[in-house]
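**Q** What follows is a structure written as structure tokens; I'll ask about it next.
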Amino acid sequence: MSKVVDAPVARQFPAWERWVVLGVSTLGGFMAAIQGSALIVALPDLMEALHTTIGTIMWVMIAYILVVAAIALPLGKVGDKLGRASTYNIGFFLFALGGLLSGFAKPSHEGFDLVGYRVIQGLGAAFIFVSSGAIVADRFAPFNQVGLATGIIQLSFAAGTVVGPVVGGGALLASWGWVFWVTTIPAAIGCILGFWKNKNIYPFSAQRLFSFLRHYNTIGAVFIIVAITMLVMLLSFAVFPDGTFISSSKGLGMLGGLTVLFLILYVATEWFSKTPVIDWSMFKSRNFSIALVNATLGSFVRSSFVFAFIFFFQGPFAQSPLMAGVYVIPFGVGLMIAGLISGKLADRMGARTLSIIGPLIGAISAIGTIFHTNHTNYGAIAVNIFILGFGWGIFNSPIMTLLMLAVPPSKRGEASALNMTALMLAQMLAIIFVFKFILTSLPFELALQLFLYGGGGLDDGAIHDFLKGLHVVYYVCIALSILAGLISFAISRQPVAQSNAEPAADEVVVENGKIADAEKGLETHGSQATVVSEQR
């Protein structure tokens, strides 16, 4: 008999096919990142073309985050049963469809149809994000290359963020619709490649899926979706009030109460469910728990820095949104270079050392941002934020690798979903955090004007107050960077890819080179799963 986790199952496919799968995953991340950063540049044009308001146009951005955050958590386990590759491919299709429809939004609908199309795009992104990390880990774990693959995916996200503003600005020269269509064609190509070559490692079984759904905590899944939706709405209306009841103190209090209520209901249903939405046993792994906490901290800090830099360049530096995006490029370049290097190193030396060093480099370099003013030479700023991005790039790939490989293969979809929910909420909190301290120094209307149009327009007194609020953001981010580095000391010294958990009941194993029945057991050694022959 053979005991198997990763290697034999993944090696049912030609070894070279893992690179095709990685290419599809990389393309998905690249397109999603471009869409997000290109949209920021296009917001003023969208407002004018669709005859809409600032409140509606902000929901064009928020709806995407809301859907990913709300749907990702219950989607993880369902994706594990339906098939991660199938889930990913469906996501690519929905993402392409949502982008295509977004470009056809009508001015007569005043932007509300665009919000709906962004919901479709967000749903596709949720499918993609939840499945991509698990798929790559499945395919690359047998070759001890998960860190390398994760670094390449990080490079694609960073590259998309870097070129997004330029792509968005170029697309606007043709039409605002091309801001969405520019990602539709590559997404369609990725969809075709995915359905062709991105196949499920574990064979799909309708009987197993229906059996799972009978016991799945469906009610709890609904409760947690509603709770996260209420939470995102609460945060959104708190930062971007629209003058309606829901953005008043009573309305926000009602949203807060509903969030707590549905969270309590969710926890209650989880307690009694045979198949909960979250497999809480994953938190028995110290490495997984640390990786999830640090990934969330890292997302919050990086997002806070990026939003702060955009405000800085559009405010004191008096740049347009397009040029502000261009000025932030060194941060993304640092992420790209370091992410690829650290991913490869993580395969050899583990995640611990790299995830300690990275945030500390980020914290030290972030001290320099406190001294940036409207009179600072941009070259010095560029070097500073490049080193800052480099530090966080060193950190991110090893932490993502650790998170995926700290759980058994059958639970990677759930782990990825939990991580994606945390990252989306961290990004939302970062937006609120930065806006909060910008609004303490500027009137709300002026802060929104700077965010949407840029161009400065601040006198010396306003710039002084603006920088004072921005410094608070930097101080908090420096403190959290140091905290992330200190937490990483608790990561075990074992190789990254190690899990001693037993397989799930539906785990697929291979016997004599063929897929055999479940519950045969597993064994892992060091940083990669191996096959161990036993004669009985």
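Yeah, the Cβs are placed from backbone N, Cα and C, and that goes for glycine too.
TrEMBL entries are annotated by machine, without manual review.
As annotated in TrEMBL:
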TRANSMEM  20-43  transmembrane segment
DOMAIN    21-496  domain 'Major facilitator superfamily (MFS) profile'
TRANSMEM  49-75  transmembrane segment
TRANSMEM  87-105  transmembrane segment
TRANSMEM  117-136  transmembrane segment
TRANSMEM  148-172  transmembrane segment
TRANSMEM  178-196  transmembrane segment
TRANSMEM  216-240  transmembrane segment
TRANSMEM  290-312  transmembrane segment
TRANSMEM  324-341  transmembrane segment
TRANSMEM  353-372  transmembrane segment
TRANSMEM  378-407  transmembrane segment
TRANSMEM  472-491  transmembrane segment
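Locate each feature and note its surroundings.
**A** Tertiary neighbourhood of the transmembrane segment (49-75): same-chain residues 36, 39-40, 43, 87, 105-107, 109-112, 114-115, 118-119, 121-123, 125-127, 129-130, 176, 221, 224-225, 228-229, 232-233, 236, 240, 242, 277-278, 417-418, 420-421, 424-425, 427-428, 448, 452, selected by CB-CB distance under 8 Å and a gap of 6+ residues from either end.
Residues of the same chain lying 6 or more positions beyond the ends of the transmembrane segment (117-136) and with a Cβ under 8 Å from any Cβ of it are 21-22, 25, 28-29, 32, 35, 60, 63-68, 71-72, 75-76, 79-80, 84-85, 87-88, 90-99, 101-102, 105, 146, 149-150, 153, 198, 400, 403-404, 412-413, 415-417, 419-420.
Long-range contacts of the transmembrane segment (148-172) within its own chain (CB-CB distance under 8 A, at least 6 residues past either end) are made by residues 18, 22, 25-27, 29-42, 45, 132-133, 136-137, 139-140, 178-179, 181-182, 306, 321-322, 324-326, 328-329, 332-333, 335-336, 339-344, 346-347, 389, 393, 396-397, 400-401, 404.
Within its own chain, the transmembrane segment (178-196) is flanked in space by residues 20, 23-24, 27-28, 30-31, 34-35, 38-39, 41-42, 46, 85, 88-89, 92-93, 95-96, 99-100, 102-103, 167-168, 171-172, which lie at least six positions past its ends and keep a Cβ under 8 Å from the stretch.
Sequence-distant contacts of the transmembrane segment (216-240) (same chain, six or more residues past either end, CB-CB distance under 8 Å): 54-55, 58-59, 62, 65-66, 69-71, 73-74, 77-78, 246-247, 251-252, 255-256, 258-259, 262-263, 265-266, 269-270, 273, 275-277, 421, 425, 428-429, 431-432, 435-436.
Distant neighbours of the transmembrane segment (324-341): 37, 40-41, 148, 151-152, 154-155, 157-159, 161-162, 164-166, 168-169, 305-306, 309-310, 313-314, 317, 358, 378, 381-383, 385-394, 396-397, 454; these residues of the same chain sit at least 6 beyond its ends, with a Cβ under 8 Å from one of its Cβ atoms.
Here the transmembrane segment (378-407) has long-range neighbours at 133-134, 136-137, 141, 146-147, 150-151, 154, 158, 282, 285, 287-288, 290-292, 294-295, 298, 301-302, 305, 309, 317, 327-328, 330-343, 345-347, 350-351, 354-355, 357-366, 368-369, 372, 414-416, 419, 481, 484, 491, 496-499, 501, meaning same-chain residues at least 6 beyond its ends whose C-beta is under 8 angstroms from one of its own.
Sequence-distant contacts of the transmembrane segment (472-491) (same chain, six or more residues past either end, CB-CB distance under 8 Å): 286-287, 290-291, 293-294, 297-298, 300-301, 304-305, 308, 350-352, 355-360, 362-363, 366-367, 369-370, 391, 395, 402, 433-434, 437.
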